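Q: Below are the structure tokens for one structure; questions will follow.
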Protein chains: 2
Amino acid sequence: MAKVADKPFFPKPFLSFLVLSIIFGFGITLSEAGFPKIKHYKWDVEYMFWSPDCVENIVMGINGEFPGPTIRANAGDIVVVELTNKLHTEGVVIHWHGILQRGTPWADGTASISQCAINPGETFTYRFVVDKAGTYFYHGHLGMQRSAGLYGSLIVDPPEGRSEPFHYDEEINLLLSDWWHQSVHKQEVGLSSKPMRWIGEPQSILINGKGQFDCSIAAKYNQGLKQCELSGKEKCAPFILHVQPKKTYRIRIASTTALASLNFAIGNHELLVVEADGNYVQPFVTSDIDIYSGESYSVLITTDQNPLENYWVSIGVRARLPKTPPGLTLLNYLPNSASKLPISPPPETPHWEDFDRSKNFTFRIFAAMGSPKPPVRYNRRLFLLNTQNRINGFMKWAINNVSLALPPTPYLAAMKMRLNTAFNQNPPPETFPLNYDINNPPPNPETTTGNGVYKFNMGETVDVILQNANMLNPNMSEIHPWHLHGHDFWVLGYGEGKFYAPEDEKKLNLKNPPLRNTVVIFPYGWTAIRFVADNPGVWAFHCHIEPHLHMGMGVVFAEGVHMVGMIPPKALACGSTALVKNYPRLP
Amino acid sequence: MAKVADKPFFPKPFLSFLVLSIIFGFGITLSEAGFPKIKHYKWDVEYMFWSPDCVENIVMGINGEFPGPTIRANAGDIVVVELTNKLHTEGVVIHWHGILQRGTPWADGTASISQCAINPGETFTYRFVVDKAGTYFYHGHLGMQRSAGLYGSLIVDPPEGRSEPFHYDEEINLLLSDWWHQSVHKQEVGLSSKPMRWIGEPQSILINGKGQFDCSIAAKYNQGLKQCELSGKEKCAPFILHVQPKKTYRIRIASTTALASLNFAIGNHELLVVEADGNYVQPFVTSDIDIYSGESYSVLITTDQNPLENYWVSIGVRARLPKTPPGLTLLNYLPNSASKLPISPPPETPHWEDFDRSKNFTFRIFAAMGSPKPPVRYNRRLFLLNTQNRINGFMKWAINNVSLALPPTPYLAAMKMRLNTAFNQNPPPETFPLNYDINNPPPNPETTTGNGVYKFNMGETVDVILQNANMLNPNMSEIHPWHLHGHDFWVLGYGEGKFYAPEDEKKLNLKNPPLRNTVVIFPYGWTAIRFVADNPGVWAFHCHIEPHLHMGMGVVFAEGVHMVGMIPPKALACGSTALVKNYPRLP
């Protein structure tokens, strides 16, 4: 229904795109994949009544589904999504999280950055290549529409005829999210109010869009909640992981939470981590994984436990005082009934404040052998200080004392068309004062909004040192998962306190740093990443916590915009770009 | 603050507009008013926390106010509103209800009709002449944003130096509305769901944005509700009408309800009706007035009652089984304390089903002497049948079996630019089958959506016979207040049953029919109106009940679009119009 056709040929308009892409050197992996297939989807986005956690609410769904339909393709395939906005008053865009959008920066799905939001009643066609195998997802990227439920999975298999570098019999896909009962519109108003009203902790953790709010499927271990009475057909009935004994399963786990950092564990089963954010990692065994918003992992499990029992899958909250019960479901060893509950309690989520444990896990992630290595030297280095601030009593987050306020005209078109009034032409500061004390609240918390862009020379190697700091209140510093659009980056290292180049530089891992698209900064710590600015376009880099981004916690990167091909006119139907005369439009 | 300046001169851009207007013959009443003043406002639209009826919610406010600021101008003045959309994800427009927009049809503020919705972060400047004195208001006209609280008053005084044709000492302005606790977004989803979920009756009636939900200021007459304990400073404290004894007050009353038909009465005081919808009427005395959504009245009262007492002002629901307590406030004879409650109960709202009483009131409204008379003959006559219908199980309202579904590209620009694919070029049917039985449910309730336009020759006289009918369920027919944009019309008459030309024609009033912009059709009845299609533009004509319009209860009229001047480019930044090459844009 949703998928219209798998067409193993190039339609004409796309041929010219391909030719352009080849001329410009944007790698479409033809060589690997032979002829790419076209995966064609037609989607309608609309609100609908739904009970994600057994409490009825409205969610932003796609084609009547929540989460949206799963996209599945082979690396090198072309994904085409004709997205129609059936909302009544809101614009919409969809970001394809982890897809690099080489040659198609206008398809990155970021309102105000890569395109105009799609207006109610209008259709925009996303068309892009899925470069490499991996576990990805998609989500809204306007206001807080991700929090409203606009997300789904995007799974890329290796090119046809190729296999993954590890063996498994079957796979199971889990998309994790958090859910509030208060409407996203109210949440947005609260965040923009003076004094700010914080959204609070989520009511529920959802596994593939399913959670249980006022009951538990493990009530006897969760005092205060009654046992859920679910037939399995309810929208909130848990997504059961049905497995056969004595097999190896790949479990794909992606987190599109608005806020929660999660921990994932399966009772009695070890996890062999093999993939992170669409990149293979050096396999390692762990009892549980931490997963931050914007990240994805693949783990292998072997169903070698007592086949007469079922086992808990438990997803708890980390890094914030958890008021949210863990998301629970079952690893159901067939042919056992899925209603047979495990004999022992669900795995306990590690203590929320045990950051050492989180770091231990994170520090074990290295690139798989044969992965691309980072350039040895950087050409440019940014130091980005993360601070919580105020502007006239409104609470904000700022980077180097600039809180991002997105302009109405999208950057990509504005830069290509040289609309110099569309945003501040002065780039934001590349660093922060040397003597800034990250261990105390900002001495002058007042900040300013800005919309300048960090511009890179095409092909240069960029290092970013993300520097965490104390928040407005003393003795508080939070986790922030930073996500980069249009690139994977190498995670060169993490450290405590303020990055001190002479010493910390030496500790950076240039040997086997993992490639990621999302990386966390720990409280009071720094994280160093490196990437090559080789993807013409304009790219968001931001904290993936939805309310933090909403409060300004992001920056905008750009490179090689002069090399960008013709932006589809429909991506320009707003702001100053809609008013420009000399751009190809309808004949 | 909101009002920037009263400038008694023409800025340069406006001069050319004026010249154009004069060339095209659009009447700016220079002769009457001398030099028009410019009333300049800068408005930000945003959601904010508010307690309209003592229950906190979010409302769509303007510059931190709810209802929005009152515009006050003299006839002939130019109103300029620079509207900035500070919503996060929603577009916005504002319609200036009752303002004719001669020469400025792009400023009528109807999304999909006169302009593109203003995107988040963008500013659109409304600039129009307020033609004639009267009691008007403004409101959102995208989705159900009027229900969300986007409205305010627009009061036009006679040209400077001229006075009204009746005397009064002071005036008081009342804007009436109804209020739901469920978010408008949920309401919209409910209306578009299968099966439909009706919004139900409002929780509260608001007077100038103030009502009381779970208490009453007249509790002793309203069993079940406790007495409100309000200091007067609360956002929901009643708007008190402070008056001096022995004076004459003009009370302006406008209704922007989403649903409710209202009845307005003041204990012990008769009302002298002098104005309806910005047109003078033959004055008549009444104990109370019915007021439908979209209507406005001015009544004169004389404060000749016992000056030691205060008196109730009561606003109750009519024409639907009222589950909503009346909106109440006080006529406070100074220097009495406003906390002194009247000695007798509030005036009782007439029984909701007593339509004869409503008709008696309505049939007493005639044009004041000296008002413009209608042309004696019509050139064109439309018969518009109002039916409740279904489309694949979704509930709709339809006109001549077409349920209006607005296109993403605004009609005005689409027609001017001849974008023939933007909407259906075939006009909808001008009549309905002669044998249609209005007293029974539609024999085939299945209908279709459409977006065709009724096109009139410039200057022709159009009659519309609005024909009410039975709804989907037997023995049900509802009131619908129809509002026409861009014109006043003469109300030639009302009748029971199906309009039968040979007989009913004779009963039409061509002598002193009132000019209005909104008129009601009674259950199972018809209403005949006449207007001259002499205002170049595209104009909505629709049921002013917000959910009914949302479900398709409207039509689109157009005339003289070839005579329309240059549409401001910012009104075109969406849909197909944004893609057109040959239209003036930025240099």
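Note that the numbers count up from 1, one per residue, in the order the chain is shown.
Backbone N, Cα and C define each Cβ position, glycine as well.
Swiss-Prot feature annotations, pasted as is:
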BINDING   A:His95, A:His483  Cu cation 1 binding site
BINDING   A:His97, A:His139, A:His544  Cu cation 2 binding site
BINDING   A:His141, A:His485, A:His542  Cu cation 3 binding site
BINDING   A:His480, A:Cys543, A:His548, A:Met553  Cu cation 4 binding site
DOMAIN    A:38-157  domain 'Plastocyanin-like 1'
DOMAIN    A:169-335  domain 'Plastocyanin-like 2'
DOMAIN    A:379-559  domain 'Plastocyanin-like 3'
CARBOHYD  A:Asn360  N-linked glycosylation site
CARBOHYD  A:Asn401  N-linked glycosylation site
CARBOHYD  A:Asn475  N-linked glycosylation site
SIGNAL    A:1-33  signal peptide
Q: Of the recorded positions listed here (A:His95, A:His97, A:His141, A:Asn360, A:Asn475), which is spatially closest to A:His548 (Cu cation 4 binding site) when Cα positions are compared?
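A: The answer is A:His141.
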Q: When the number of other CB atoms within 10 A of each residue's CB is tallied over all shown chains, which of the glycosylation sites A:Asn360, A:Asn401, A:Asn475 has the maximum?
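A: Counting Cβ neighbours within 10 Å, the top one is A:Asn401.
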Q: Does DSSP put A:Cys543 (Cu cation 4 binding site) in a helix, in a strand, or in coil?
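A: Reduced to three states, the DSSP call for A:Cys543 (Cu cation 4 binding site) is strand.
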Q: Looking at Cβ-Cβ distances, which residues of the chain lie under 8 angstroms from A:His141 (Cu cation 3 binding site) while being 6 or more apart from it?
A: A:Val93, A:Ile94, A:His95, A:Gly109, A:Thr110, A:Ala111, A:Ala540
Q: Which ones, of the recorded positions A:Asn360, A:Asn475, A:Met553, have a Cα no more than 10 Å from the Cα of A:His483 (Cu cation 1 binding site)?
A: none
Q: When you measure from the Cβ of A:His485 (Cu cation 3 binding site), which residues in the chain that are at least 6 apart have a Cβ under 8 Å away?
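A: For A:His485 (Cu cation 3 binding site), the qualifying residues are A:His95, A:Gln101, A:Asp108, A:Thr110, A:Ile113, A:Trp539, A:Ala540, A:Phe541.
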Q: Near A:His544 (Cu cation 2 binding site), which residues of its own chain have a C-beta under 8 A away, given they sit six or more steps off in sequence?
A: A:Tyr292, A:Ser293, A:Gly294, A:Pro481, A:Trp482, A:His483, A:Thr518
Q: Report the mean pLDDT of the predicted model across the domain 'Plastocyanin-like 1' (A:38-157), rounded to a whole number.
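A: Average per-residue pLDDT within the domain 'Plastocyanin-like 1' (A:38-157): 98.
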Q: Could you check which of the recorded positions (A:His139, A:Asn401, A:Asn475) sits closest to A:Met553 (Cu cation 4 binding site), going Cα to Cα?
A: A:Asn401
Q: What are the non-local neighbours of A:His480 (Cu cation 4 binding site), defined as same-chain residues 6+ apart in sequence with CB under 8 A from its CB?
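A: In sequence order, A:Asn386, A:Leu466, A:Asn468, A:Val520, A:Ile521, A:Cys543, A:Ile545, A:His548, A:Met553 meet the Cβ cut-off.
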Q: Take the C-alpha atoms of A:His139 (Cu cation 2 binding site) and A:His542 (Cu cation 3 binding site) and report the distance between them in angstrom, rounded.
A: 15
Q: If you draw a 10 Å sphere on the Cβ of A:Cys543 (Cu cation 4 binding site), how many other Cβ atoms land inside?
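A: For A:Cys543 (Cu cation 4 binding site), the count of other Cβ atoms within 10 Å is 27.
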Q: Excluding A:His480, A:Cys543, A:His548, A:Met553, please set out which residues of the same chain place their CB within 8 Å of the center of the CB atoms of the Cu cation 4 site, keeping sequence order.
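A: Leaving out the recorded residues gives A:Asn386, A:Trp397, A:Pro481, A:Trp482, A:His542, A:His544, A:Ile545, A:Leu549, A:Gly554.
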Q: Would you kindly give the Cα-Cα distance separating A:His97 (Cu cation 2 binding site) and A:Asn360 (N-linked glycosylation site), rounded to the nearest Å?
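A: A Cα-Cα distance of 26 Å.
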